Structures are given as structure tokens and as C-alpha cells.
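> Let me give you the structure first, and then I'll get to my questions.
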Amino acid sequence: MASVRDIVRRFLDRPGSVDLSPYQRIVTEAAALEAEVREREELRAGEVGTAEFCAVVREAARRSLGERPFDVQLVGTLAMLDGHVAQMATGEGKTLAGALAAAGFALQGKQVHAVSVNDYLARRDAEWMRPLYETLGLTVGWISETSTPEERREAYRKDVTYAAVSELGFDVLRDRLVTDPADLIVPAPQVALVDEADSVLVDEARVPLVLAGAADPGTAVPEMAALVRRLSRGYHYKVDQEGRAVFLTTKGTDTVEKALGVDLYQDPGVVTGLNLALHAHALLTRDVDYIVRDGRVHLINQSRGRVALLQRWPDGLQAAVEAKEKLPASETGEILDSITIQGLLRRYPQICGMTGTALAVGEQLREFYDLRVAVVPPNKPCVRVDEPDRIFATAERKLEALLEEIGDQHATGRPILIGTLDVAESERLDEALRARGLSPVVLNAKNDAEEAAVIAGAGALGAITVSTQMAGRGTDIRLGGHASADGSESAVAELGGLYVIGTGRHDSSRLDDQLRGRAGRQGDPGGSVFFVSGEDELLAAYAPGEPMPDADADGLVRDKRGDLLVGHAQRVAEGVNLEIHRNTWRYTRLMEEQRGHVLELRDRVLHGDAATQALKDALPERYNELAEAVGDETVERACRQIVLFHLDRCWTEHLGFLSDLREGIHLRSLGRLNPLDEFNKEAVPAYRALLDEVEQRSKETFETVDVTGDLADQGLKRPTATWTYLVQDNPFGSDWDRVLQRVAGVLKRRRKK
Ligand code: ADP
Ligand code: MG
């Protein structure tokens, strides 16, 4: 509930951005110190956030990187040090501005986690900025998916640690199972400095990071996959408007029952399997939602258009997709713990960040993280020419016009970057261009290893680069390409610079802006345009039934209402996403609070003698008897292991309970009760019961267990293998509740045993 103070503050702060003038004053003062600081042999930053600080870090960057930070970069740095999100356009040098801010925090003795959107950028930025940090007497490290636990521990010991948000989250989750303090990896969170802040803090906020433990081997479901492959869409089954749900028609039900020889209403187990197979078959598309590589299914991260490593769908669905692709089923397990990206970042007492597009989500940044946006102007004015959308009635006309435009632009030698909405589209376009004798380079989830080289070349004379949203973030495209062969940079500039073409508007204007931002960096010339058709998914999903005005003879829709319709569809999409985000958070918030409590408790058990004290108080005779027999130390260790085991076990079960509850609440809300109230009404006492349960089970175990024996053999068996994954938002709608729905299935089965 927004307090009056919040409302007033919101009102006063309109249009919602931070006043830059104090920062600008400091930066002006810093200029006066520049000459003097340059003479200094040793660089000491002085008080963080002052003119002295700015002058010194500027000099440090100049000496170590050969780049003298522009005034606007220092303004961005100061804004971040103040705990804001700095909005700075693409190519303005956020990596450096962010590193200066990170250095500022580190000089105040705070450990900084520089959060990237992927491993490639984490490593690139850490290595790139290393000389700067070292000049300031600071240490820096990075983590990637392949880092070992020891490498991770080492990286977290540095003043500044660069890591992809998923790696951070997985480390936090894995620490969650540690039974010996020496095995912990992640230190207590202090400062998170988030690159591409809108993407991480808003778009991916509700994505759950999941820790699962191996139990059963995977169950293959090839029969179901084979069965649904024979069904036809529209006749046997239907897909809802948004492509998020699929259901059998009466005809389909008959066919399935005959084929399987069962009555579907009598056999819920079969129905679950069938639904999963149908989902995999009808709602998930190869090369859009996932790709198959090395005989395995790899998810594609929708908002980044790249392969999401070590990520998988909740078990049943993963197995169904594997069966659909005729692959063997990978192992299954149960979800031991989970945290959303929002929950992960909210652990940090201090957050700040940077991105090219923050203002459009200013409201959400404030609502969910209490962050404000500082809009930093560009160093040189942007001269990119953003053309109005070219709108066509049909997808076919759009494609024709698109190919023609690419051909025309390419004929001049101008480099072109084409942003597609998904992998399949990038491949279709690649084919069509090749058929016309062109040789585009395709950058998509299938060849992410080559991304750096491809990106560096995208600004070269005559380059045609086709890319999913992957190239939309973090990459630096220089005119003229690589180390820019002499003269080619100015040749490209004369042609108008990089030309960015979007093959369709995204479901958020920020993604459009990110794509456009690939061109026109640092005052370079450049251009951008989007091709849109009345048959685009955005319009079908968010403005269904609203007719596109008639096209002119050349196929182009020039009627203003066409533009309005596209803008309307995009705003509806943004609204829907915000609502889903809010709603998910309403439910996950309580859970994450409870999770926080459990972890505090766990920490006390892990690091202290809380377990021993509790069991000694509850069962003094048993304690003394054991202590006499085997010594205090052994008993204490056993106490700790026992309580940790039950705490972790009960939490996993509680998670399952919450998901069941969340699922059932929808039904109750039909009876006009407020579903969220209902949810809270049960979730709170269930959590209290959890704590009692832990105590009860721990006492029972303590009474009977042989403390010198192997506890694992006495019912305290921990998962032998664990793995982590990130559940992507996809057309299937695997946001939090859907994940939990699936978890619920697994846990329900388990609890019955
Ligand atoms: P952003 O993240 O804002 O899109 P980057 O951090 O990737 O931008 O930097 C874009 C380019 O600008 C890089 O090639 C970088 O070396 C260059 N750059 C950044 N700051 C400066 C500076 N002060 N002087 C010269 N070049 C700079
Ligand atoms: Mg960047």
C-alpha cells in the first residue's frame, strides 16, 4: 500500500528523474583540479563523491585505460554512487562510468557485485577495467558458468566482482545447502551495481532461479509425444489467443481415449502426461523457444535471444519436450529452493545501476526497488535518424519490402544490422537474403561462441548482420568494423553510418530503443527503422480484432491510425507485463520474506550452537547421556546436521505447499474472496507450523539416531547431485506460479511416500 508520503513524493518528483545539478557542480569543480592531479605521482581518491574523487579517478582511467572519462560519465558515476539508476545511451561508456562508481564504493570499504546480463560481458568488463582498479589499489574478479567453487570464492574475495545475475543467484542457492561453514561461497551482500538495469531488474525480475536435487532418473514419455504428433490443431485441440494454453476438443478427447484405451476423466495421471505432451507439441516451438544441439534441448532466453545454459523447464515439461524431439529424457529431481531475480537483488542493502532505457520503467524501479532514475545527457548530441515505422497490411508485403530495402541500402555499401524477434525468423531472413545473392552474418542463439567477432564486424563497410536481441545489449559496434582499417570509418560515416532495421516492434518500447541505440553511438551518424505488418504477433496478441487501415497502392499503410494501432498494442503489452510482474511479486514477496527468515535461522545453526542449545534444552537427559558416551564435539556436530537437515527438508515441503495453495486460490477466488488475502491467511500459519515441525522432527531424530554412525544412512539423506536452472518466461508462461504448479506435482508425490 502506497503511503501518503510516497504519493506526495511521487507527485513532487514528476517526471520521476533525479536532479543532476549537484553532480554537475561537482564535475565542474573537478575540471579545475585536473591539471594539478595529472602531476601527481601517486593517486589517492580522497573522499568518495567529491570533486577531488572525480579528478583522481578520471586521471586513473586516463593513465590505465587511455580514456579520459567525459563529464557526463562522471555525472553518471556520481548518480550511481548516490544509489540511482543512471540512464545513459548506448555507446556512452557505461562500462567505465560503472567501474568508477564500483571503485568509489570499494574505496569506502564496500564489496561490490557488478551484475552483468551474461558471462561474456562479466568477463569482458572485469578484464577491460582491471588496469583501472589496480591503479586505484583495488582488486577485481569475475565468475562464469564454468568457474570452480574455489575460483568463485577467490573472485568473491575481491573488492569488485563481475558476474552474470544467474551465476550470482545460483551461488546463493547452492550456499543454501552447505552444512560446513568452510564450504560457503558468497559473502554477505553489500552493493549491487547492475548493468542493463531495466532488463535485469524489471524484465527478468520474476524469473525464478531454481536449485534442484537429483532423485529419480527421468521418465521418458515417447508414447504421449507420438500420440500428440498425430493430432491436428483446430480439430483435435485448440490453442488460446495468447498461445499460453492448449486444450483438447471433444473430438480430440475421443481420439486420445481410443488410442490409449483409457477414460481421461478417470485417470488424472494420464491427463497430466497428455497435457505436458500437448504443451510441448503445440506451445513450444523449436528454434523459437528452444534449440536442439548436441542431442540436448537448450532453452532460448526470450528477452536476450541467446541460449540459456544449464537451464531447463520444470521436469515434466522438459521430459515432454525431449520426447517431442525424440531425445532420451534427462534426469529429473525435485526443487529444493528457489529465488526470483528480484528477491535475489533485494537482498543487497544498496543497489544502483545503469542502462540506456530506464526512464520508461522508472515507476517500476521505484515500486519494486525504491530506485530512482538519473537521466544523463549524451556526451555528443545524437544525430541518428529514426524513421517512422513502415507499416504493411500483410506479413508477405512486409517481407518483400524489407528484402528490397536491405538490397538497396547494401548496394551503397552501408552496414546494416537487422534485429529479428526470434531465432527462426533470423534463419528465414538469412535464407531469403542468400537467395538474393547476399551474404549476411547471422548472430543468434545457435552460434553465441562467435558473437564477439561478429559484433565487432557489424559496422564494417558492406556488412549485413542479422541478429536476435542478443546484439541488443552490451555490445559495441564501431563504424568501419574491427580495428577500423584506415579510411573505412569515414567511408561508412559518409554513407550515413550503421543502419538498424527492426523486423517488427517488440512488446516493449525499451527493446525497440535498445535496438535503435546500436546505431548513432557517441554522436556517430546512423539510422533506424522498423518494419511492421498488420499480421505481426504483437498486434494479433494485444490488439486483436482491430483492423489495420487500408494500404496505399505500394503496400504501405500511411494512415496515421496505423501508427496509433501499433503504439496501442505495444502499450497494452507493456501494461500486461507490468500487471503480471506486480501480481507475481504480491505472491512471491511473502515467500521470499519467509525464505529470508529460514536462512537467518539456518545461519545461526550453521555458524553457532543454536542447534545444540535447542536440543539440549528440549532433551537434556538424552544430550548428557550421548555427550558422556562420545564427547560434546561429536554430539554438537550431530545436532547441527540434524537440525539443518530438517530445516532444509521442511522448507522444500513448505515451498510445495505454497505452490499448491497458490494454485488452489484461483478456484476460491471464484467465490469472491480476495485470493491474495486467502493466500496470506494460510501461508503465514503454515510457516509457523514449519518451525514447529522442524523442532519436532529434530527431537525425534535426536532421540533415536546413532550419532557416531553415518546420518545419511539413518534417514537424513541429502540430495546426492544438485543442479540449478533459470526458468525463462516463454509463451508457455512459465513464470513463478506456473513453475510452482509443476513443483507441486513433484512434491505432492513425494510427500505421499
Ligand atoms: P555502453 O555500455 O554505454 O553502451 P561501452 O561501455 O560499451 O558503452 O563503451 C562504448 C565505447 O566507448 C567503448 O569502445 C569504450 O572504449 C569507449 N569509451 C568509453 N568511455 C570513453 C572515453 N571517456 N573516451 C573515449 N572512449 C570511451
Ligand atoms: Mg554496456
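Placed from the backbone N, Cα and C atoms, the Cβ positions cover glycine too.
The annotation domain 'SecA family profile' is assigned in TrEMBL to 1-563. According to TrEMBL, the feature ATP binding site maps to Gln73, Gly91, Glu92, Gly93, Lys94, Thr95, Asp476. As annotated by TrEMBL, domain 'Helicase ATP-binding' applies to 75-234. Look at TrEMBL and you will find 398-564 tagged as domain 'Helicase C-terminal'.
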> Applying a 10 Å Cβ distance cut-off over all chains shown, what neighbour count does Gly91 (ATP binding site) have?
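23, counting other Cβ atoms within 10 Å of Gly91 (ATP binding site).
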> Compute the mean position of the Cβ atoms of Gln73, Gly91, Glu92, Gly93, Lys94, Thr95, Asp476, which form the recorded ATP site, and then list in sequence order the other residues of that chain whose Cβ is within 8 Å of it.
Met88, Thr90, Leu96, Ala97
> Are there residues of the same chain, six or more positions away from Asp476 (ATP binding site), whose CB falls under 8 angstroms from its CB, and which are they?
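Set apart from Asp476 (ATP binding site) by at least 6 residues yet with Cβ under 8 Å, we have Gly91, Ile455, Arg521.
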> Sequence gap of 6 or more, C-beta under 8 Å: which same-chain residues meet both conditions with respect to Lys94 (ATP binding site)?
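Residues satisfying the criterion: Gly76, Ala86, Met88, Asp195, Met354, Thr355, Gly356.
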> At a 10 Å cut-off from the C-beta of Glu92 (ATP binding site), count the other C-beta atoms across all protein chains.
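If we count other Cβ atoms within 10 Å of Glu92 (ATP binding site), we arrive at 26.
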> Have a look at the binding-site residues (Gln73, Thr95) and report the one with the fewest Cβ neighbours inside 10 Å.
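If we count Cβ atoms within 10 Å for the binding-site residues Gln73, Thr95, the smallest count is at Thr95.
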> Considering every residue in the domain 'Helicase C-terminal' (398-564), what is the mean pLDDT value?
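Here the mean pLDDT over the domain 'Helicase C-terminal' (398-564) amounts to 87.
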> Three-state secondary structure of Asp476 (ATP binding site) from DSSP?
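It is coil.
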> Just to be sure I understand the contacts, which binding-site residues have a Cβ under 6 angstroms from any atom of ligand 2? Candidates are Gln73, Gly93, Lys94.
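List returned for ligand 2: Lys94.
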> Who sits close to Gly93 (ATP binding site): which same-chain residues at least 6 apart have their Cβ under 8 Å from its Cβ?
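Long-range Cβ contacts: Glu67, Pro69, Phe70, Gln73, Asn379.
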